[in-house]
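Peer 1: Structure below; questions to follow.
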Amino acid sequence: MEQNMSQLTGTLALAVFTAALGSLQMGYSLGVINAPQKVIERHYARSLGVYNEELARSEGGNTTEHEEPTDASVVMYWSLSVAIFSIGGMVSSFLVSFVSDIRGRIKGMLFINVLAITAGLLMGLAKMGTPYLMVIAGRAIMGLYCGLSSGLVPLYIGEISPVKYRGAMGALHQLAIVIGILISQVIGLDFLLGNDDMWHVLLGLSGAPAILQSLLLLVCPESPRYLYIKLGKVEEACKSLKRLKGDYDTSKDIAEMQAEKEEAMNEAQMSILRLLRSSVYRQQLFVALMMHLSQQFSGINAIFYYSTSIFQTAGVGQPVYATIGMGVINIIFTLVSVVLVDRAGRRTLTVVGLGGMCCCAVAMTVGMAFQDVYTWMSYLSMAAIFLFVSFFEIGPGPIPWFIVAEIFSQGPRPAAIALAGFCNWTCNFIVGMFFPYLEGLCGSYVFVIFAVLLFGFTVFTYLRVPETKGKTFEEIAAVFHRKRGAPPSKPQEEAEMVQLKSSTEA
C-alpha cells in the first residue's frame, strides 16, 4: 500500500504540469518586457506624436540599437507598462483564498484564465489601437492574473502532492517561472519577435499558455483536500485520490484529512487583520514575510529586469546572449533544487543560497568597479552574475513559495498566504521602480546594498528559520514556541484562540 501511495501516476503528472502552465505564463510575463524595450518605446513615441522620423532616417534608419526616446511622456508610459504588472499582482494576491474556496482550485484556475486571455488579446492587438494604453491595460490585467496564479498554483500542487514529493513538486512552480522567463528571452530576440513588425505578437503570446491550460484543466481532478475538508464530499474525494495515486486503499489519507478537518473546525479561520494582531502566530508570520523579503530584496529581480544593461556595463560584447545563458543556468539550478529540497532540507538550501549570493554580490561589485583598470575583471563580473542566479535558484527562489503553507495550519493559512503574496509583489514593485535610480546614484557599487541585505537575511535564516522537512505542524509549532524564549503560557494562548474563534472577523 505504501508503495502505491507514493507512486507518481500519469494523472498526477498531468495535473502538476497543467497547474505549472500558470507559473510558466507568469515567468513569460515577467521576462517578455525586457528585450523589446526600445522597439516598444518607439511605438509609444509615434503614438504620442513625439517621434522624430526625419532624425531616424538621417541616422540610417538603424534605430533598434541606438535611438533612445527621451521624451518625458514616453519614459512615464514605459515605466508604467513595467510597474503596473506588479501593482496588479499586489492587488489580486489578497483574493487568492476567496477565488480558490468559492468554486474550488480547478474552477478557480479556469476562471482566472479569462484574465490572461483578455490581457493577451489587448497586447496582441496593440498596433491596431493606441499602443501605450493597450499595453498598459494588458499588463495590468496580466498582473491581476499572475497575483492570483502565484497563490493558486502552489496551493493546488501542494494539496495533490504525496508527502514524499511535497518539496520537489512545490519547487516546480519556480521551475516553470524560470522556463517562462527563458522562453520570453529567446523569442524576444530581434530576428524572431522582438522587432518593429512582431513586438505586439511577442506580448500577445503572454496569454497563450492559458488556452492550453484551460483545455487540460477539464480533465484534471479537483483537490481531494478541497472536496473533503471544504465540501465534505467523501466519495468524490476518494475518487480524486485514486485518480491521482492509483488504485489503493484510501482510508489512511481520508483519516488524515478528517483529522485536518477537525483541526480546522476547532481553529479560527482568521482574517488578515486578526492574523497581524495575533501573538500566537507572530513568529511564524515574521519568518514567512522575511523569507519573501529575502527573495525579492536579494537583488535577483534587478538582474532579471536589467540584465542586458548590467552585462553591457560589465563589458560583455553580446549582452542579449549572455542574458539567455543566464536563463539556461536558472533552469539547471532550479532542477538541482527540485532534486535536493526533500533531501538536504529547506533551511540548509536557503542559508547556502543566501550566503553564496552575498559573496557573489561582493565579487560583482569588485569586478564592475575595476574592469576599466583590469580587462579580465569583466569576466569576474559575468561569472559572479551567473553564480548569483545559481545560488538563488538553489533555495531562496523556490522555497519561500511553499514554506508558508508548511509553517501555518489550516485556520491562518489562507490569510498568511495572502500576506506573503502581497509582501512578495510589493517588494517586486519597489525593486523594479527604484533600482535604476539606485544604479544611477551608486554606479558600480549598487550591489553593495544587496550584499549587506543578503548578509542580514543569511544570519536571520540561520538563527530563526526552522527546518520543516518531514515535520508535522505540531512539531513546527513546538519549534516556534521554543524560539519565543519560554514554553508558551497555555491559559493565555487558549484564551486568545477562543477569542479568535468567537470573533466576527474570523
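Glycine is no exception: its Cβ is also placed from the backbone N, Cα and C atoms.
As listed in TrEMBL for this protein:
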- 15-469: domain 'Major facilitator superfamily (MFS) profile' (DOMAIN)
- 484-506: region 'Disordered' (REGION)
- 75-96: transmembrane segment (TRANSMEM)
- 108-126: transmembrane segment (TRANSMEM)
- 132-157: transmembrane segment (TRANSMEM)
- 169-193: transmembrane segment (TRANSMEM)
- 199-220: transmembrane segment (TRANSMEM)
- 285-308: transmembrane segment (TRANSMEM)
- 320-341: transmembrane segment (TRANSMEM)
- 348-370: transmembrane segment (TRANSMEM)
- 376-394: transmembrane segment (TRANSMEM)
- 415-438: transmembrane segment (TRANSMEM)
- 444-463: transmembrane segment (TRANSMEM)
Peer 1: What stretch, picked from 75-96, 132-157, 199-220, 348-370, 444-463, has the most CB pairs under 8 A with the transmembrane segment (376-394)?
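Peer 2: Comparing 75-96, 132-157, 199-220, 348-370, 444-463 against the transmembrane segment (376-394), the winner is 348-370.
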Peer 1: Test of understanding: applying the rule of at least three C-beta pairs under 8 Å (pairs 6 or more apart in sequence), is the transmembrane segment (169-193) touching the transmembrane segment (320-341)?
Peer 2: yes
Peer 1: Can you give the mean pLDDT for the domain 'Major facilitator superfamily (MFS) profile' (15-469), rounded to a whole number?
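Peer 2: Taking every residue of the domain 'Major facilitator superfamily (MFS) profile' (15-469) together, the mean pLDDT is 86.
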